[in-house]
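As given in TrEMBL:
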- Asp123: active site (ACT_SITE)
- Met72, Cys73, His74, Met108, Glu109: substrate binding site (BINDING)
- 12-150: domain 'Molybdopterin cofactor biosynthesis C (MoaC)' (DOMAIN)
Amino acid sequence: MLTHVDEKGVKMVDISKKSNVGRICIAEGYINLKPETIKLIKENKIKKGNVLTTAQIAGILAVKKTQDLIPMCHPLPITSINIDFEIFDNKIKAICSVKTTYKTGIEMEALTGVSIALLTIWDMVKSAEKDENGNYNNTEIFGVRVVKKVKLSSD
């Protein structure tokens, strides 16, 4: 059964009778980059500035804006956001962890945070990743998914 659709069209689900519950969601995703680009990131030599700090800030802002981007997403009080990165030889893994105590889950917030962090990395390294024709033959975002979802005890 689709909870966001009825005979009149789409609607936001009524969660007013649900209890506040502590919730944690962790999402992850990857971006493939050239090894030379990874080296530039590690050495903080990307022309636009510090790639991972900028991506971290963008991911945090994105989590807070999720309700404005996804139409049926409830606004909810975020109590914690962490954006972390793991750097490999030819890719970067982004991890977004979000916490709340509220009536509904925070998967969309975590997925939005990790996605925007990865897109920001791409934006920051465009000049290093482009080939002579302006194409991105090595650059790819992939594997964006929820890796953990936890419901804590209710109020």
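Placement of Cβ uses the backbone N, Cα and C atoms for every residue, glycine included.
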### Query
Which are the residues of the chain, Met72, Cys73, His74, Met108, Glu109 excluded, whose CB is within 8 A of where the CB atoms of the substrate site average out, their centroid?
Thr66, Gln67, Ile70, Leu76, Thr104
## Note on the structure
Quick note, Cys73 (substrate binding site) and the residue listed as 'active site': C-alpha atoms separated, nearest Å, by 26
### Message
For the domain 'Molybdopterin cofactor biosynthesis C (MoaC)' (12-150), report the average pLDDT of the model, please.
### Response
97
#### Entry: Helix, strand and coil totals (DSSP H, G, I; E, B; other) for the domain 'Molybdopterin cofactor biosynthesis C (MoaC)' (12-150)
49 helix, 45 strand, 45 coil
### recorded positions compared (Glu109, Asp123) - highest count of Cβ atoms within 10 Å
Glu109
### Summary
Least Cβ-packed of the binding-site residues Met72, Cys73, Met108 (other Cβ atoms within 10 Å) is Met72
### Task
Give me the largest Cα to Cα distance among Met72, Cys73, His74, Met108, Glu109, the residues the record lists as binding substrate, in Å as a whole number.
12
### Long-range Cβ environment of His74 (substrate binding site), under 8 Å and at least 6 residues apart
Met12, Val13, Ile15, Gln67, Tyr102, Lys103, Thr104
